[in-house]
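J.: Sharing a structure below in structure tokens format, with a few things to ask.
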Amino acid sequence: MNKITKKQKMSFAGLLIAIGIVYGDIGTSPLYVMKSIVTENGGIANVNRELIVGSISLILWTVTLLTTVKYVMIALKATNHGEGGIFSLYALVRKRAKWLVIPALIGGAALLADGTLTPAVTVTTSIEGLKNMRFGDVIPVPSQEVVIMITIIILVILFSIQRMGTSVIGKAFGPIMLIWFTFLGVVGIANLSHDWSLLEAINPIHAIRILVSPANKVGILILGSVFLATTGAEALYSDVGHVSKANIIGSWPYIFVCLSLNYLGQGAWILHNVSYHAGNGDFNPFFEVVPSNLRLFAIALATIAAIIASQALITGSFTLVAEASSLKFLPRMNIIYPSTEKGQIYIPLINKMICVVTVAIVFLFRTSHHMEAAYGLAITVTMLMTTILLFEYLGKKGKPLYLRVIFLIAFAFIEGMFLISSLTKFLHGGYVTVLIAGFILVIMYVWFYGNKIRDKREAKNAYVRLDEYTEMLTDLSHCEDYPVYATNVVYMAKVKYNKFIKREMLYSILDKRPKRAKAYWFVTVNVTNEPYTAEYAVNTYGTKNVINVQLYLGFRKQTSVNVYLRQIVHELIADGTIEAQPQRFTTTPGRDVGDFSFVIVNDVISPLTKLTGYEKFMVEARVWLQNLSSNPASWFGLEYADTVVERVPLILGKHQESYIKRIKPKKQTKK
């Protein structure tokens, strides 16, 4: 049994890694949820029992319905080869309706945008716990500027260790997060023991009443703060590929109990200390419920938990981007697999981008209070889009229509209420995540629909049969009218069904300056689900100089095409599949393999293309994004090989039949 299969089973190690990777975001919500609710209602001096009981009831039932029911019980069943998240969900249902791509694009863009705010708000909140704390005669963190500096240092270090992989990080974070959740539960129950009557918050009636009660000064807008308790639910779904759903389902009950106890404990403390710190703007009930002799320990533990919360979003972002690339929502990117688990990935470009944006957000908002005002808006949009896709998934699984409609109406109503309340955050900072999400959405829209238009309008003869050109290529190899371009000309070209190839590849060989070579190689790289596969198959179509190579490489294998190809050439020469390539001038006596020239073809829009203005803009924007983001030489491990990048005209749509009219020569008269 291989590792991929084993990972699906629940184990103690798997549970520990799940606690370390998946629950960071939702596990740090107690740091700021009650603080936000109290602050929005005018501070601790203005709260009463009805507000606290109702608010905690809202929190408990929000986490129950959205996280437990929707994500743990329903969404985790909707995995695509073990991977979760909104893009994996879309991949499962996309054949049911073309329009489903819209919620997938919107939800994915919003989730990626929200991932830039989570690290900033969680780390800043935890470090603010140190602000003005005295150690003897010293105050190490006397101002918000020092908080910002420490926060940025922590974030930069966090992003720097991502290349180690989630397995290594999870093993380190798992035990710490287990301590964190246990600490939340113990502190919560210690404070709750002073007022067990607060357990009445379990009754959902209190949650409904507080929305219209005069004790709640912000009305339905309180949901904007309550929603912060469940923002990590979508990240939980996105991270399932890193730890498996069995380990998430097995660990969630303990996490849920610890979170619930902590919220109840904070509520109990607030009710018994209404006049405490009434004028302190930095008041945070999370740290106040902790005994003073444990305050420093709580802050240190909260800081580490905040770092892990950031990790949950970062790993989820890597997964989302990889899935987006495979679905042609985003350009291809360099993906690194730090472990033997295919679901555990690292994308250097995305890591750098999230790091830069997150640090910029810390500088822009400066305080956790301002960040909380912007937090959660984007994720409500993602949750709504996930609900739409889950409705279709349930239909695919044959669930009765009435159950699907109940599911859709119930969760769309709940999430719609949260969205309405979160919209008030737009002018207070929510616009930042909206702008980031909009930017990502534009890129994904252009890439996806640019590809769609290209595929739809591409000439019918865009693909040709390679075996129909073998005779012409053989003749070119022996034609002395042309100089030898290279001994081996290699095209990184996907050969479909072992015979179809894009015409532009043959155009590069034949229609431009003909490339005479001893052998023509067409190499296709296929990535397998096994980590260390290294196999190849060849088809020469009955020739000695036209070779279709299918490389099958495990996801952890380096794609060093030039290294593999030299071995393949030696083996094919040895068994007589191709002719030897003896070198007259060489520093290696007996060398029988010639030089290699790797050709990578890039598209440019041809003047012959005839598209509508919109179609032309989309295709040109898509080509521009491709040229901006891609480095094919690094994809294939050809950085140090003889690589040529050629531009080949891309002809789309109907050709213009006539450009200029021929006339008879005009007689010229002397002046």
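Cβ from N, Cα, C; glycine included.
The structure displayed is predicted, hence computed values, not measured ones.
Pulled these features from Swiss-Prot for this protein:
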{"type": "TRANSMEM", "residues": "12-32", "note": "transmembrane segment"}
{"type": "TRANSMEM", "residues": "56-76", "note": "transmembrane segment"}
{"type": "TRANSMEM", "residues": "99-119", "note": "transmembrane segment"}
{"type": "TRANSMEM", "residues": "139-159", "note": "transmembrane segment"}
{"type": "TRANSMEM", "residues": "172-192", "note": "transmembrane segment"}
{"type": "TRANSMEM", "residues": "218-238", "note": "transmembrane segment"}
{"type": "TRANSMEM", "residues": "251-271", "note": "transmembrane segment"}
{"type": "TRANSMEM", "residues": "296-316", "note": "transmembrane segment"}
{"type": "TRANSMEM", "residues": "345-365", "note": "transmembrane segment"}
{"type": "TRANSMEM", "residues": "374-394", "note": "transmembrane segment"}
{"type": "TRANSMEM", "residues": "400-420", "note": "transmembrane segment"}
{"type": "TRANSMEM", "residues": "429-449", "note": "transmembrane segment"}
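How buried are these features, and what lies next to them?
T.: Sequence-distant contacts of the transmembrane segment (12-32), counting only residues of its own chain at least 6 positions beyond either end whose CB sits under 8 Å from a CB of the stretch, comprise 63, 67, 118, 121-122, 125-126, 166-167, 169-178, 180-181, 184, 228-233, 235-236, 239-240, 242-244, 246-248, 250-251, 255, 259, 262-263, 266, 284, 286, 302, 305-313, 315, 368, 372.
Note on the transmembrane segment (218-238): residues 22-27, 29, 32-33, 36-37, 40-41, 55, 58-59, 62-63, 66-67, 70-72, 75-76, 84-86, 111, 114-115, 118, 210-212, 248, 259, 263, 309, 312-313, 316, 319-320, 372, 375-376, 379-380, 382-383, 386, 417-418, 420-422, 424-425 of its chain, located 6 or more positions outside it, place their CB under 8 angstroms from a CB of the stretch.
Sequence-distant contacts of the transmembrane segment (345-365) (same chain, at least 6 residues past either end, Cβ-Cβ under 8 Å): 115-117, 119-120, 124, 148, 151-152, 155-156, 159, 162-163, 165, 310, 314, 317-319, 321-322, 333-338, 371, 374, 429, 432, 436.
Residues of the same chain lying 6 or more positions beyond the ends of the transmembrane segment (429-449) and with a Cβ under 8 Å from any Cβ of it are 101, 105-106, 108-110, 112-114, 116-117, 324, 327-331, 357, 361, 364-365, 370-371, 373-374, 377-378, 381, 422-423, 618, 621-622, 625.
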J.: Which one of these stretches, 56-76, 251-271, 374-394, has the most C-beta pairs shorter than 8 Å to the transmembrane segment (400-420)?
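T.: Selected stretch: 374-394, with the most Cβ pairs under 8 Å.
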J.: Under 8 angstroms, Cβ to Cβ: which one of 56-76, 139-159, 251-271, 296-316, 374-394 has the largest number of such pairs with the transmembrane segment (172-192)?
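T.: By the under-8 Å Cβ criterion, the transmembrane segment (172-192) pairs most with 251-271.
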J.: Could you check whether the transmembrane segment (56-76) and the transmembrane segment (296-316) come into contact, where contact means at least 3 Cβ pairs under 8 Å with the two residues of each pair 6 or more apart in sequence?
T.: no
